[in-house]
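> Before I ask anything, here is the structure I am working with.
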Amino acid sequence: MSKEKFERTKPHVNVGTIGHVDHGKTTLTAAITTVLSKHFGGAARAFDQIDNAPEEKARGITINTSHVEYDTETRHYAHVDCPGHADYVKNMITGAAQMDGAILVVAATDGPMPQTREHILLGRQVGVPYIIVFLNKCDMVDDEELLELVEMEVRELLSQYDFPGDDTPIVRGSALQALNGVPEWEEKILELAHHLDTYIPEPERAIDKPFLLPIEDVFSISGRGTVVTGRVERGIIKSGEEVEIVGIKETTKTTVTGVEMFRKLLDEGRAGENVGALLRGTKREEIERGQVLAKPGTITPHTDFESEVYVLSKEEGGRHTPFFKGYRPQFYFRTTDVTGTIELPEGVEMVMPGDNIKMTVSLIHPIAMDEGLRFAIREGGRTVGAGVVAKIIK
């Protein structure tokens with residue numbers, strides 16, 4: 001068994017528990033690590049080790065999150081669990097812990113509750129692609145019909161937010177009994193693990209996606225032309241390939257005639273690397289920070305979108321006062337700030353620090369964007385909010 005730990009060949013998948021307060025998310029997290037460590041190696045984590053989650057900072061926002069890891073026969077999982085509802089909201093909006101899939105925990109004794117709905121909605125808005133349901137505390141419900149009713153309610157709720165409710169795997173279990181080592185309930189954790197392995201597809205790695213490089217700096221090198229620098233966000237760029245320059249201005253095409261790193265010429269630049277790309281025939285003044293280089297036809301510039309936003313509280317260094325419709329802050333995408341105006345949902349007059357809210361944004365310049373792109377909201381260089389593009393309008 002001990003040899004298992006050093007195998008880095010298994011695909012890596014990011015998951016997390018979501019759901020209403022006290023429905024058993026943390027107990028389930030502990031149960032998964034405990035049961036799977038018996039079967040596939042790895043470390044068991046006790047409830048209280050997970051529950052006192054350390055504080056982290058993501059984009060200046062304080063979030064309490066616990067990270068655990070576990071293995072199944074075919075995969076390695078990184079799993080996040082948050083103690084408080086506000087932590088989930090912040091986590092999902094900032095993308096601090098990107099999830100390839102989520103385990104929605106619903107207590108069979110209660111059925112779906114307000115945060116159950118809110119977490120499903122957030123999952124939809126921020127692009128959590130797959131949800132598996134763990135119906136918890138089933139040891140406390142004798143009535144088969146009641147279980148079926150709760151299951152039906154959960155499926156309806158998922159369908160309401162465009163998840164495939166009818167096809168979603170639902171496991172009936174008891175996290176506490178599994179944690180206590182009761183075999184019939186341990187079996188349910190293995191069933192959950194099986195669904196994780198089969199229902200959540202292996203995520204596409206950044207390197208396999210189409211090339212994208214957010215431009216941080218632009219230089220002109222006499223006799224050679226214009227060089228842009230930045231960190232490759234996804235994909236690979238090779239010398240000789242055609243790229244588009246997208247955002248802020250009209251989209252144009254150019255050819256990359258050289259890729260360098262630390263002043264050395266490379267054959268290619270790969271996701272995660274900081275590179276300089278030499279562009280053929282592009283003038284220094286035609287290109288600026290905030291644009292992106294991308295594989296032609298893979299990303300388009302937009303100004304108007306629907307977003308899900310978390311507004312920092314005063315304690316987090318955010319605003320001390322609410323804002324109203326017509327608010328005009330800067331929206332920081334990748335490497336640059338763009339001014340934009342906001343529209344609030346009908347019936348919402350103002351937004352308080354610490355709130356999360358759905359808002360429609362209209363930028364003064366187009367930015368290269370996809371649904372799921374994260375941004376910060378800033379006033380004079382200070383971050384006052386974090387958001388994610390939920391739906392592109394134009």
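Note that Cβ sites are derived from N, Cα and C of the backbone, with glycine treated the same way.
Keep in mind that what you see is a predicted model, and the values were worked out from it rather than measured.
Here Swiss-Prot flags 10-204 as domain 'tr-type G'. The GTP binding site annotation in Swiss-Prot covers 19-26, 81-85, 136-139. The region 'G1' annotation in Swiss-Prot covers 19-26 and is backed by similarity to another entry. According to Swiss-Prot, the feature Mg(2+) binding site maps to Thr26. The region 'G2' annotation in Swiss-Prot covers 60-64. Look at Swiss-Prot and you will find 81-84 tagged as region 'G3', backed by similarity to another entry. Here Swiss-Prot flags 136-139 as region 'G4'.
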> As a test: from 19-26, 60-64, 81-84, pick the stretch that has the greatest number of Cβ pairs under 8 Å with the region 'G4' (136-139).
19-26
> Short question: which residues 6 or more past the ends of the region 'G2' (60-64) have a Cβ under 8 Å from it?
53-54, 82-84, 87, 90-91, 94, 96, 310, 312, 316-317, 376, 383, 386
> Would you kindly list the residues that approach the region 'G3' (81-84) from elsewhere in its chain, counting only those six or more residues past its ends and only Cβ-Cβ distances under 8 Å?
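Cβ under 8 Å, 6 or more out: 16-17, 21, 25-26, 29, 50-53, 63-66, 68, 91.
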> Same chain only, sequence gap of 6 or more: which residues have a CB within under 8 Å of the CB of Thr26 (Mg(2+) binding site)?
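Those within reach of Thr26 (Mg(2+) binding site), by Cβ under 8 Å and sequence separation of 6 or more, are Thr17, Phe47, Ile50, Asp51, Ser66, Asp81, Pro83.
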> Highest CB neighbour count within 10 A among the binding-site residues Lys25, His85?
Lys25
> Summarise the region 'G4' (136-139) as counts of helix, strand and coil residues per DSSP.
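Helix, strand and coil residues of the region 'G4' (136-139) number 2 helix, 1 strand, 1 coil.
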> Where does Asp22 (GTP binding site) sit in the DSSP three-state scheme?
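Looking at the DSSP assignment, Asp22 (GTP binding site) belongs to neither helix nor strand, so coil.
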> Mind checking which of Cys82, Cys138 has the fewest other CB atoms within 10 A of its CB? They're the binding-site residues.
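With the binding-site residues Cys82, Cys138, fewest surrounding Cβ atoms within 10 Å: Cys138.
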> Within the chain of Asp22 (GTP binding site), which residues six or more apart in sequence place their C-beta under 8 angstroms from its C-beta?
Ala107
> Reported in the order helix, strand, coil, what are the DSSP residue counts of the region 'G2' (60-64)?
0 helix, 4 strand, 1 coil
> Taking DSSP as the reference, which of helix, strand or coil describes Cys82 (GTP binding site)?
coil
